[in-house]
Amino acid sequence: MLDSASFLKPLLDPKRSPLPCTGLDLGFGDFITESEMQGGELQAQQLGLLAAIVSQQLGAQHVCVQLDELARLYNLCVPALAEPLPMLFTSQLQELLEVAVSVSKADAEQADRVCPLVLDGQALYLQRYWQYEVALAGQLKQLAAGQLCVDHEGARDLLEQLFGAPQEGVDWQKLAVILAASRQLCVITGGPGTGKTTTVTRLMALIQGLAAHAKTAPLRIVLAAPTGKAAARLSESIAMARERLPVALRQHLPSEAATLHRLLGYQPGKSTFRHHQDNPLALDMLILDEASMVDLPLMAKLLVALPQHARLVMLGDRQQLASVEVGSVLGDICQSLPDTLWLKEQGQYDATTTRLLNQLGDAQLIPAEKSVSLVQNNLVMLRKSHRFTAASGVGQLAMAINQGQVAGVVACLRNPALSDVTWYNRAEPGQVVELMCRLLQDYMSAIAKLDLRAAFAALQGQQLLCATRRGPWGVEQLNARIELELTRRGMIKPTQELYPGCPLMVSQNDYQVRVFNGDIGICMADSDGLLKVWFMQMDGSLRALLPSRLPAWQKLYAMTIHKSQGSEFEHAIICLPQGHSSLLNRELLYTGITRARKQVSLFADEGQIQSALTSHCQRGSRLAVRLSVS
Ligand SMILES: Nc1ncnc2c1ncn2[C@@H]1O[C@H](COP(=O)(O)OP(=O)(O)OP(=O)(O)O)[C@@H](O)[C@H]1O
C-alpha cells in the first residue's frame, strides 16, 4: 500500500504527473525504495521511481520497458516530485540497475535469484511478466520444432477431395492445411473473410481422414476463442464450413467452441486454472481463434496446459488491435517475419518446408535465401478475401488503412462507386445520433412486438463503434444522447436505469451467474411482467436474469472499438475523436472497419484519419526478438 509520506505521491495527481500512476504503482515504487536503502537514499528513490514507472507501463499493456524509454519517462516524472531527483542518461540508468538488489539479470549465473524486477538485455520487466514471456517463447519454439509424419499418399487423395484439382497460382489455404497437418504449431493469419475458418475446417477433415486411413482413433480436436462472443461466432462459422465439406469427410469434427477461461477451468476467487502443467488438457489438437485478443499471461497459461504431444493452430488477424490486457502475442509472433516477406509471396520457408509444400500443395515456392527462424516456418498468411470482392468499398478501405495510405483511404471514402462506404466528413455528433435512431428502427419495432429473437437479429444489423469512452465522440456521451433522442421520439420509456428495450453488454465475467464479458443482453418483461435481461445462448435458446444478478454492464447503443473485437455487424458506424488522442492508431481504425460485414459509415475528418494512420499500437515486449533466434 502507498505510504502517505511517499516521495512518489505527487505522481498520483493527474494535474501534476506526466504519467497516470495508480496507488498500486506507487506502492510498488515505495517497496523498491525501501528494499534499496542500503545503497543510500538517493539511489533507493531513483530505483523506486523506476519501479513505479515499470508498473505503470504494465498497466498500459507493455510487458517490459526499454531502457531508453525508461530514462525518458523517468526524466519526464522527475520535475513533478516535491524534491526532484537528478536526471538520468540511459547509461547511468543501466549502471543503477546493475547494482540494485531488487533487480536480477536474465543470465544463467543469476538464475536462482528471484527479484521483483528483471533486467533482460536493454529492457526492464516485472519478474512475473518476464517469466511469462520467457516461458511462452520457449514453448512456442518447442512446438514449432515438432514435426509430424504425414502419409503423403493419403494426404494427396484427401487434399484433392477437399480442394479439388490443382489450380493456377499458389493456394495459400491449401498450403496452410498442409503446414498445420505436418507441424505441432501453425499460425494462420489473414484479414476478414480470407478463409481462416474454412481452412481449419478442411484441416480438421484432413486430420480425421488421415486417422481413419491409418485405422487409428480420431483426434480429440478442441475449438476455443478468447470471449464468449468469439466462441459463438466460431461455432457458427465452423458449422457452415462443415456443410461445404464432402459428406464423407464430415466425421468427428467438433461443433462447439469453448472460451479459453472455461477450457482452462476458471476457479472463482483464484488466479490459477484447473488445467496446468501437472493437469494438462485432454486434447490432441487445439484450434484457437481470434488469437490477437489473447494476452501474454493467458497465452502462457494455455501453452503450459497443453499436453506434450498436442498440436496448436492459432488463427487471427495480425493487423488487428492487440489484446485488451498486457502484450501483443499474435503480433509479436508475426513480427518474427520481416515486413518484406508479408508483401511478397515467396521465400519465407526453409528448404525442407518449401519442399513439403511444393510436393503436397502443387506449389512452386522458392526457399528463403537467409536462415529462417523456427516460428517463421510455421506461419501462413491468407491473402485473398473471399468476403469482399475487388469492388467492395469495405475491403478496399481496410486494405488502404493497412497500407497506411491517407490518400488511398480518402479516395475510397470519396469514391461514389463504392456504395457500401459512407463518409461523414466534418460532421457533428448530432448527425450520428440521428443516423443511429434511424438504423435502430427495426430493433425498436421488434421490441414493440415483444419479439426477442427478432430484436437480437436486428441488433446485429448495425453497431456504433467509438474509438474512445470520453468526449463528444465517445461511448459515454453518445450512449446518453441516443437514449435521449429515442425517448424524445417515443421509441423507449427509460423510467429507470434499465427499461424494456434497453440493449446492454456485460463487461465482466461472472462464472456463477454464467454471463461473460462481451455477452449481449436485451431488457424485456417476462410473462409475469417482471423486467428481466435476456441473453441468447449458443444453442439459440433464450435465458433470462433479474437485473440485480448482472455483473458490471454498459448500454449498447454505442461501444468501444476495443470491445467490438471478435464481433461483426452488417453495418459498422465508426466515430473517431476530434483533436489528439493517444488511443487513436491504425490498428484501431482497421479493427473498427473490419467489424463490418456489408457496410461502413465513418465519422471523421481527414486530419483524424491521418493521425490514426500515422500512429501504431506498439507494446513493449521482447517476444518477437526471442522467437527470431533459433
Ligand atoms: N477458397 C475459397 N473459395 C471460395 N469461397 C471461399 C473460400 N474460402 C472461404 N470462402 C468463403 O468466404 C467467406 C469467408 O470465409 P471464412 O469464414 O472461412 O473466413 P474467415 O477468415 O474465417 O472470416 P472472418 O473474418 O469472419 O474470421 C465464406 O463465405 C466462405 O465460404
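Think of each number as a place in line: the chain as shown, counted from 1.
Glycine residues also receive a Cβ, built from the backbone N, Cα and C atoms like all the rest.
These come from TrEMBL:
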- 24-125: domain 'RecBCD enzyme subunit RecD N-terminal' (DOMAIN)
- GLY190, GLY191, PRO192, GLY193, THR194, GLY195, LYS196, THR197: ATP binding site (BINDING)
- 556-602: domain 'UvrD-like helicase C-terminal' (DOMAIN)
ATP site shell beyond GLY190, GLY191, PRO192, GLY193, THR194, GLY195, LYS196, THR197, criterion: Cβ within 8 Å of Cβ centroid: ASP317, LEU382, SER385, HIS386, ARG387
Protein Cβ atoms within 10 Å of PRO192 (ATP binding site), excluding its own: 22
PLDDT averaged over every residue in the domain 'RecBCD enzyme subunit RecD N-terminal' (24-125): 91
Local Cβ density at GLY191 (ATP binding site) - other Cβ atoms counted within 10 Å: 23
For THR197 (ATP binding site), nearby residues of its own chain (Cβ under 8 Å, 6 or more apart in sequence): LEU234, SER237, ILE238, ALA241, ASP289, LEU315
Packing count at GLY190 (ATP binding site) (other Cβ atoms within 10 Å of its Cβ): 23
Cβ neighbours of THR194 (ATP binding site) where a neighbour is any other Cβ within 10 Å: 22
Residues satisfying Cβ distance under 8 Å from GLY193 (ATP binding site), sequence separation of at least 6: SER385, HIS386, ARG387, PHE388, GLY395
Fewest other Cβ within 10 angstroms of its own Cβ, chosen from the binding-site residues GLY195, LYS196: GLY195
The domain 'UvrD-like helicase C-terminal' (556-602) - residue tally per DSSP class, helix then strand then coil: 12 helix, 17 strand, 18 coil
Tally of DSSP helical, extended and coil residues in the domain 'RecBCD enzyme subunit RecD N-terminal' (24-125): 61 helix, 13 strand, 28 coil
